[in-house]
Every structure is written in structure tokens, then in C-alpha cells.
Amino acid sequence: MVLIRVLANLLILQLSYAQKSSELVIGGDECNINEHRFLVALYDVSSGDFRGSGTLINPEWVLTAAHCETEEMKLQFGLHSKRVPNKDKQTRVSKEKFFCESNKNYTKWNKDIMLIKLNRPVKNSAHIEPLSLPSSPPSVGSVCRIMGWGTLSDTEMILPDVPHCANINLLNYSDCQAAYPELPAKSRTLCAGILEGGKDTCSGDSGGPLICNGTFQGIASWGSTLCGYVREPGSYTKVFDHLDWIQSIIAGNTNVTCPL
């Protein structure tokens, strides 16, 4: 029994720098049913597997992480409880998906972003409403809200029925560099978390929003598999740096390139 536990712990340590392939909100509480009208649940059509979350940015477009992609995606809007859906829940499928050059051309620190065009627009309702894109970048020290249906444990996959939310802080990029030495000197990501540990996104939360001082600023991308671990914050794709790309794609300019 002791040997099994030791081996399990070694496996967790080996995964400690793994990408949050489909990323929990560790240390959070159930979200208020009215605070996440823009939050989208993503599923693989073929397998039915939950892939993570996205953010509705207008009636026809969803923004999420590139690594949440599957060949055909089902998107659910107005969802809180998976078992007892809201009456105004709407379901769509992906019509087109847009990436920075290629759906494989992303790294932990660059281009982990995907725009999904829906097969038809969603309608605003009591539990569905788009979230605006940012007009300015966030400031270090900002209080940021994270949310998602990700696992509630970093040692086993326990996906909740309802989304969980937590408040974390926007940190200096150097805090992520200290935790993850492979990070470059600069990247188009945000570093966010609680340095003392205890609150974090985790497996199943990928693609969900980072909302700082009420503004959509980041997309949950990756971090330590030991979710909520001391001095191991999360990395979030910086939405503001990709505004031109996002707006150009939506306007029909599909030849636009992402920022370097």
C-alpha cells in the first residue's frame, strides 16, 4: 500500500508541468447562477467528452484555448447544472475554427487561442449574454475571477455538476518564470494565482475566462498539475494582445496573422 502511494506521488510530480489539457477551480465555491452568462461548456461531438470552457464574445463567436480543440465541437450556453439544465439552455456546434496559423502551432507561452464560429447565433436570455473584449490591458495586482467545471481535486478527476468560481491575483510575469524556468523572457500570457497556494484552475478548466476587475483579460491555458500549489501560478493567454486578430477574423479577414 505504501509503495502504491509512493508511485502515485511520483506520477503526480512527473505531471507537475503538464498542460491542463482540458483544466478545476481549486479552492473555489459554486458560482452564482447569474454571474457566468457568457460561460460556455465545450464537448467533443464524437465521444461526448467534456473538453473545457469558452467565453461567448458575441452571438456567433466563442473564444477559448487552442488545446481544447476537437474535430467537431458541441457548445452549450446558459448551462449551470449539467444534470438539471436551465430552461433557456441553448446548444450549437462549431461551424468554423480559427487558430494562429495552425491548430498545432501553439506552445505553453504563445498562441494557445481559438475562435469558434457557431453554426447559428445564440439568443440572449436570462442565463446567456456575451462578455465584452477588453479595451485596455490589466494591471498587476488586479483581483481576477476564474471559473469552470474542472476537477475539484488535483489527484483524481472529480468533475462537478456545477461550475466553481474563485478569486485570484494577477501576478508579475517573473513569478511564472520562477516557477517554470522554460518560459521565455517575454510572452503574450498573463501570470495569475495565489502565491501562497490554495486557489487555481485545474484539469477541466482550460479555455475558460480570467476576468480581472470585471473585464475579460485571459484564457485559461496551462500550469502545474499540482493545482493550487505554493508558488506555482497559472498561465493565461492574454486576450488584449490578440484583439486585432480576433476582431479581424470576426470581420471576415481570415488571412490575418497573430502577433509574434
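Positions of Cβ are set from backbone N, Cα and C atoms, glycine also.
Residues annotated as active site, charge relay system in Swiss-Prot, with similarity to another entry given as evidence: His67 (among others). The DSSP secondary structure for His67 (active site, charge relay system) is helix. Of all the Cβ atoms in the protein chains shown, 23 others lie within 10 Å of the Cβ of His67 (active site, charge relay system).
Following the DSSP three-state reduction, the secondary structure of Asp112 (active site, charge relay system) is coil. Applying an 8 A CB threshold to same-chain residues 6+ apart, the list for Asp112 (active site, charge relay system) reads Ala65, Ala66, His67, Tyr106, Ile219, Ser221, Trp222, Thr237. Sequence annotations record features per position, and here Swiss-Prot assigns active site, charge relay system to Asp112 (among others) based on similarity to another entry.
Under the DSSP three-state reduction, Ser206 (active site, charge relay system) is assigned to coil, being neither helix nor strand. As annotated by Swiss-Prot, active site, charge relay system applies to Ser206 (among others), with the evidence given as similarity to another entry.
Taken from Swiss-Prot, the feature disulfide bond applies to Cys31-Cys165 (among others). Long-range neighbours of Cys31 (disulfide bond) (same chain, six or more residues apart, CB within less than 8 Å of its CB): His80, Met147, Val162, Pro163, His164, Cys165. A coil conformation is recorded for Cys31 (disulfide bond) in the three-state DSSP classification, outside any helix or strand.
The annotation disulfide bond is assigned in Swiss-Prot to Cys100-Cys258 (among others). According to DSSP, Cys258 (disulfide bond) sits in a coil region rather than a helix or strand.
When Cβ atoms from all protein chains are considered, those within 10 Å of Cys212 (disulfide bond) total 24, not counting its own. Look at Cys212 (disulfide bond): DSSP puts it in a strand. For Cys144-Cys212 (among others), the entry in Swiss-Prot reads disulfide bond.
Taken from Swiss-Prot, the feature disulfide bond covers Cys176-Cys191 (among others). Note on Cys191 (disulfide bond): other Cβ atoms within 10 Å of its Cβ, all shown chains, come to 25.
In three-state terms derived from DSSP, Cys227 (disulfide bond) belongs to neither a helical nor a strand segment and is classed as coil. Here Swiss-Prot flags Cys202-Cys227 (among others) as disulfide bond, drawing on sequence analysis.
What Swiss-Prot records for 25-251 is domain 'Peptidase S1'.
Taken from Swiss-Prot, the feature N-linked glycosylation site covers Asn105 (among others).
Positions annotated as N-linked glycosylation site by Swiss-Prot, on the basis of sequence analysis: Asn172 (among others). Secondary structure at Asn172 (N-linked glycosylation site), as computed by DSSP, is coil.
The N-linked glycosylation site annotation in Swiss-Prot covers Asn213 (among others). Taking the Cβ of Asn213 (N-linked glycosylation site) as centre and 10 Å as the limit, one finds 13 other Cβ atoms among all the protein chains shown.
The annotation N-linked glycosylation site is assigned in Swiss-Prot to Asn255 (among others) on the grounds of sequence analysis.
According to Swiss-Prot, the signal peptide annotation covers 1-18.
Taking Cα separation as the measure, Cys144 (disulfide bond) is nearest to Asn213 of the recorded positions Cys100, Asn172, Cys191, Ser206, Asn213. Counted over every protein chain shown, other Cβ atoms within 10 Å are most numerous around Cys176 among the disulfide-bonded residues Cys165, Cys176.
According to DSSP, Cys165 (disulfide bond) is assigned to a strand segment.
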